[in-house]
Amino acid sequence: MVMRSWPAPTVVALPDHGGPLSVHDTVTGSRRTITPGATARMYVCGITPYDAAHLGHAFTYLTFDLVNRVWRDAGHTVDYVQNITDIDDPLLERAAATGQDWQELAAREIQVFREDMAALRILPPRAFLGVVESMDLIADFVARLRAQGVTYEVDGDIYFSAADAPGFGSLSQLDRTAMLELFAERGGDPGRAGKKDPLDWLLWRAERPGEPAWDTPLGRGRPGWHVECSAISVHELGMGFDLNGGGDDLIFPHHEMGAAEACCATGSRPQARHYLHVAMVGLDGEKMSKSRGNLVFVSQLRKAGTDPMAIRLALLAHHYRTAWEWTDADLRTAEQRLERWRAAAAVENAPDARPLLARVRSALADDLDTATALAAVDEWADAALSGSGDDPDAPALMRTTVDTLLGVALDR
């Protein structure tokens, strides 16, 4: 199955340009200003297509949509790549448990994801690549690692030797005990017999009875999780791209191990110049996750008649680095805000919106400070609705500011 992205919303250029984006870099643990060239390159890890897309997914992809929008407003072209993990153990397990064909399950969930992203006005990636369609390039990447002497086999499976990765652990800054604990929790196999080190991870899984497998020079099998993203990112963006990101549960092992693979395969570093990770969204006191089953789905909210722009505004009310819990009150507040903004955008004369544009630009450039950006729009809307201001061009500039930078369409 060849992946296709979703339709791109129209993005109207604003007067002048915004400034550079400063974010909290996971590797340094500090604020850093990202300084791309003419083209900003970004890779974001995609979903495993079952139970998609819940609000945790939406919050993550909204965050990187803001990065995309800020970069574009600053005058950059953005080369954005995202994968889809359309073959993986959890997908196969869900298909078996529900009596579905795994390919049909994946195709259905990917289509729902596309529809949700389009409804939320998330700018689509230039390349939206599934693992299945990328099988040859992933197998070639594993072969490159094997040629570098950093792999070994256990019963036909190919493993990466963590001891052969220079600087392993520098991304996550975790000690060995914490690494082993998270590796076991997040899809690793530290207890497998025959491994040289419990932290060594799977690159290629040899064919098992009853499991899908592909013919490659490595033999029949399928890739491990981490190498899928490292292979696709290197193929599409090269090394040293500007930003690698995802949820903060990907810091270790996924991004740590993927970076080690990319650096060893290419002989260069870093894989990415900056790493940005998004906090988790909770429900009923726990992280929203597939394993817990405590999910709120974008598609369900949409089917219930919720305006996708209200969903987007509810997510925008929270900062990407702060974990939070979804409540019905979040949505009610967002719906009220959306109505107020739409009413303000419809007045004939309003206060000058150029200061509003400057404030929203400044807030987003400052580590994606969405709360400050929303407050600035609220203040302008309140003034406009009170009859203040006599600028007939202001409502149009306000609408474009909110649409282009925050991704919120105020047309009904």
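From the backbone N, Cα and C atoms, a Cβ is placed for every residue, glycine too.
Listed in Swiss-Prot for this protein:
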BINDING   C45, C229, H254  Zn(2+) binding site
BINDING   C45, G46, I47, T48, T60, N83, I84, T85, W225, G247, D248, D249, V281  L-cysteinyl-5'-AMP binding site
MOTIF     47-57  motif ''HIGH' region'
MOTIF     185-190  motif ''ERGGDP' region'
MOTIF     287-291  motif ''KMSKS' region'
Exercise for the section: Count up the helix, strand and coil residues in the motif ''ERGGDP' region' (185-190) according to DSSP, in that order. Expected result: 1 helix, 0 strand, 5 coil
Handout entry: Whole-number Å value for how far I84 (L-cysteinyl-5'-AMP binding site) lies from C45 (Zn(2+) binding site) (Cα to Cα)
Key = 8
Practice task
Summarise the motif ''HIGH' region' (47-57) by DSSP state, stating how many residues are helix, strand and coil.
Solution key: 3 helix, 1 strand, 7 coil
Problem - Listed in sequence order, residues not in C45, C229, H254 with Cβ within 8 Å of the centre of the Zn(2+) site Cβ atoms - result: N83, W225, H226, E228, G246, L250, H255, G258
Problem - Long-range Cβ environment of D248 (L-cysteinyl-5'-AMP binding site), under 8 Å and at least 6 residues apart - result: H277, V278, A279, M280
Fill in the blank from the handout: CB contacts under 8 angstroms to C229 (Zn(2+) binding site), restricted to the same chain and 6+ apart in sequence, sorted by sequence, are Y43, C45, N83, H254, G258
Exercise for the section: List the same-chain residues at least 6 positions away in sequence whose Cβ sits under 8 Å from the Cβ of I84 (L-cysteinyl-5'-AMP binding site), in sequence order, or say none. Expected result: M3, G46, I47, P49, I110, F128, L129, G130, V131
Problem - Other C-beta atoms that fall within 10 angstroms of the C-beta of W225 (L-cysteinyl-5'-AMP binding site) - result: 23
Problem - Local Cβ density at C45 (Zn(2+) binding site) - other Cβ atoms counted within 10 Å - result: 23
Handout entry: Least buried by Cβ count (within 10 Å) of the binding-site residues I47, V281
Key = I47
